[in-house]
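Novice: Can you read through this structure? Questions will come right after.
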Amino acid sequence: MANDPTHQFLVQPIIPIEIGGVDFSFTNASLFMVATVAAASGFLYFATSNRGLIPTRMQSVAEMSYEFIASMLREGAGKKGMVFFPFVFSLFMFVLTANLLGMFPYFFTVTSQIIVTFALACLVIGTVIVYGFYKHGLHFFGIFAPSGVPKALLPLVASIEMISFLSRPISLSVRLFANMLAGHITLKVFAGFVASMGALGALGVGGAVLPLIMTVAMTALEFLVAFLQAYVFAVLTCMYLNDAVHGGH
């Protein structure tokens, strides 16, 4: 199983719990979701607990993260969208921290589980729908009828827009899940190839040099992808929240 590149994504129970025939086991995925929240919360707490005019490195990173998301939200959803800052910031930090933790050996990448990313995506779309109807009532349906569309084409356009809207949780979740899954599998394959070549002795060492270089390069790339995927998730969230804030206007 050690050579199986997909073994790292296997959800395994740590504390088996079954109630009424339903499995509520505390798994490795559960553990690392808790660890992700703890790591992100701990970082922000220690980074801001001793704030000063001359910021420490941790404080600078925390402040840059704050400004980064605030600027993204203002551009994506306008000033009125700033009401969602805690929501978007929390999502960004969770996804980013989960992605980064998954880069360490023997750590579990929770964002490589489609059920986790789909739950996050449904949370985003659910927030858009609830706030949209709360803010605009039935006028929220205006997002499915873009202005300037001829009346003859309105039913077709509205149908397409509605299908596009309902597919957002799928596209948002699959994008994050697929990128993290593919990246980690590729790293595992290259690392396994290096180990296999090295086991051949002196003859294999020479052949392992190129795969080793590729593994190091791809590891650096995966750290970049970890940030980019969190960024894309946050950007798309801001764009979707724009519909809730401004409705069909």
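Glycine residues also receive a Cβ, built from the backbone N, Cα and C atoms like all the rest.
Below are the features I grabbed from Swiss-Prot:
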type: TRANSMEM; residues: 29-49; note: transmembrane segment
type: TRANSMEM; residues: 84-104; note: transmembrane segment
type: TRANSMEM; residues: 114-134; note: transmembrane segment
type: TRANSMEM; residues: 140-160; note: transmembrane segment
type: TRANSMEM; residues: 193-213; note: transmembrane segment
type: TRANSMEM; residues: 216-236; note: transmembrane segment
Novice: Quick test of the contact rule: Cβ under 8 Å, at least six residues beyond the ends. What residues does that give for the transmembrane segment (29-49)?
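Specialist: Here the qualifying positions are 11, 14, 56, 58-59, 61-62, 93-94, 96-98, 101-102, 107-110, 113, 116.
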Novice: Count, for each of 84-104, 114-134, 140-160, the Cβ pairs lying under 8 Å from the transmembrane segment (216-236), and report the range with the highest count.
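Specialist: It is 84-104, which has the most Cβ pairs under 8 Å.
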Novice: Six or more residues beyond either end and a Cβ under 8 Å away: which residues meet both conditions relative to the transmembrane segment (114-134)?
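Specialist: Here the qualifying positions are 29, 33, 84, 87, 91, 94-95, 140, 143, 168-170, 172-174, 176-177, 233, 237, 240-241, 243-245, 247.
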